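Record features, source TrEMBL:
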TRANSMEM  A:6-30  transmembrane segment
TRANSMEM  A:37-57  transmembrane segment
TRANSMEM  A:63-86  transmembrane segment
TRANSMEM  A:93-116  transmembrane segment
TRANSMEM  A:142-161  transmembrane segment
TRANSMEM  A:190-214  transmembrane segment
TRANSMEM  A:226-250  transmembrane segment
TRANSMEM  A:262-283  transmembrane segment
Amino acid sequence: MSGNLLTQLLLNGLIVGTLYGVVAMCFVLIYKSTQVVNFAQGEFLLIGAWTCWWLVVEAGLPFWFSFPLTFVFMMVFGIALQMVVLRPLIGEPIISVIMVTIGMSLFFQSITKWIFGADVQPFPEIFPVKAVDVFGLQVQPAYLMSLVVSVLVMIGFAWFFKYSRMGLAMRATAFNQQVAQSLGISVKNVFAMAWAISAMVSALAGVVVGMVNGVSGALSFFGIKVFPAVIVGGLDSIIGAIVGGLIIGLLENFAEYVDGQWLHLGNLYTVAPFYVLIIILMIKPYGLFGTHKIERV
Amino acid sequence: MAEPALKLAPEEPLLSVNNIEVVYDDVILVLRGVSLEVPKGKVVTLLGPNGAGKSTTLKAISGLLATEDGEVTRGSITFEGEEIANKNPEDIVRRGIFQVMEGRRIVEDMTCLENLRLGAFTRRDGGAAIRNDIDMVYNYFPRLKERTGMAGYLSGGEQQMLAIGRALMARPKMILLDEPSMGLSPLLVKEVFGIIEQLCHDLGITILLVEQNARMALKVADFGYIMESGKIMLDGAKEDLINNEDVKEFYLGGDKERKSFKNLKSYKRRKRWL
Ligand SMILES: Nc1ncnc2c1ncn2[C@@H]1O[C@H](COP(=O)(O)OP(=O)(O)O)[C@@H](O)[C@H]1O
Ligand SMILES: [Mg+2]
């Protein structure tokens, strides 16, 4: 029985871990291509989820229409944020930029609370709630959908950075902005694009979580979970972000199991990832996948 | 779309730099009235010691100066008869000028193929044409095809070949090459210069070549300029420069110690009628 509980929790860990991975990828995307540490990453989930919720519940639009509309809105939002708030900060000290993104985070949290209130608002039911049986485990269809969406997003990212023209341009910009410009790449466009993609994909994650847990300010906690994920994986590695997200998701659930079975400390699982984070950083200061400069001999 | 009618009178050079002054950080005056011309289809070399302002001249042409807080504060640069001074680098790449920066500057965490595809970033003529050109580059540099790992692990010579190949991928009208021989073994220098000559011949690409290795550069160039302390000190056709006593002594001579033109009386005499 407890073996079954463990597998169930690990499955949950896998599902939530891939979501963390997706959000962590969005964070790394911004960090890598624009060197901005975005403390407002979690708020992108929040804004995306509220936008979609509003379109469905308040504006009464069908979900299949609201969902892409949310994307368009988030794309415009990401570009506007980059152009209006972050572009003027190019060349300013890192600490100033960090202060600004922390400010953005607080601002978006308050303004969504002001507009939508502090209560949890459920999404109208889009998927059946009845759990389905997968290899003897009970899984909610919404969770399955979340897993599928996350994996699709990851494949999409991989394709984008490996094969698309703009993806290559973003990697070149991340490598060196002057080199990118010498190739005819507009660094300004790349920056705006990084924010747009990051905002859109985070919103996707926000909607997915909102459908499972309801929409509320708690969504921005995802932004906090992303830090251990990206630091474990290495701040500048997309693969690291995915692996880091998975590790954090699994750890949380494993810690919950250990706590429930033996320790009974309660809520240990929310902090466990941070302990692991400290240990990993002591062993590998650049994270598991963080890059060192290529040295030729 | 048909090619626009020839914007250029036949005798007008493809690129002309007219008496430019370049300032970094608003205060550091580096180029003090530099003029040079590059005729279509020719290889022109810009020679001079370290710190003379050669790279700065190239960056002024390619617009990359702005990325280092530099600016052309006087004079003009015209390409195909149009003013391009202080335009942004994307615009200049699209006009057909591609700079291969000093130190190759390939994207180290990408493969050769990805670097080549990046070179084609500004092109709009579709995948088939680009794949075709990748094959062409591999024809010029067969050893790049065998390298499948990250470009950062290539040897210096291979990186230089990749940097030149990447420039070709943009289908430029003109390439600005900054010290391609730097850090390469004499044998590799020979190979790279052979390819440069071939490119100019096969593809009709105009080249402005910056070098410290004057001997190699003058072998492939049609025309040369010699620069010191932000000024052009001497110019002439390849044969004139090779046979010039001062150039012989200070740039081509076997003696390791290279003195400056400035300390030279005969040079000062010549300067008057330059
Ligand atoms: N980004 C920069 N900011 C300030 N000064 C610079 C910069 N780049 C080059 N310089 C100065 O301009 C002069 C010419 O440099 P450069 O054009 O690189 O010479 P070269 O390529 O002939 O060796 C040098 O004195 C150098 O210190
Ligand atoms: Mg130089």
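Each residue, glycine too, has its Cβ placed from N, Cα and C.
Remember, TrEMBL labels are computer predictions, not curated facts.
Of the candidate ranges A:6-30, A:63-86, A:93-116, A:226-250, A:262-283, A:6-30 contributes the most Cβ pairs within a distance under 8 Å of the transmembrane segment (A:142-161). Of the candidate ranges A:93-116, A:190-214, A:226-250, A:262-283, A:190-214 contributes the most Cβ pairs within a distance under 8 Å of the transmembrane segment (A:63-86).
Sequence-distant neighbours of the transmembrane segment (A:6-30) (same chain, 6+ residues past either end, Cβ-Cβ under 8 Å): 36, 38, 41-42, 44-45, 137-139, 143, 146-147, 150-151, 153-154, 157, 170, 194-195, 197-199, 201-202, 204-205, 208-209, 222-223, 225-226, 229-230, 233, 235-238, 240-254, 256-257.
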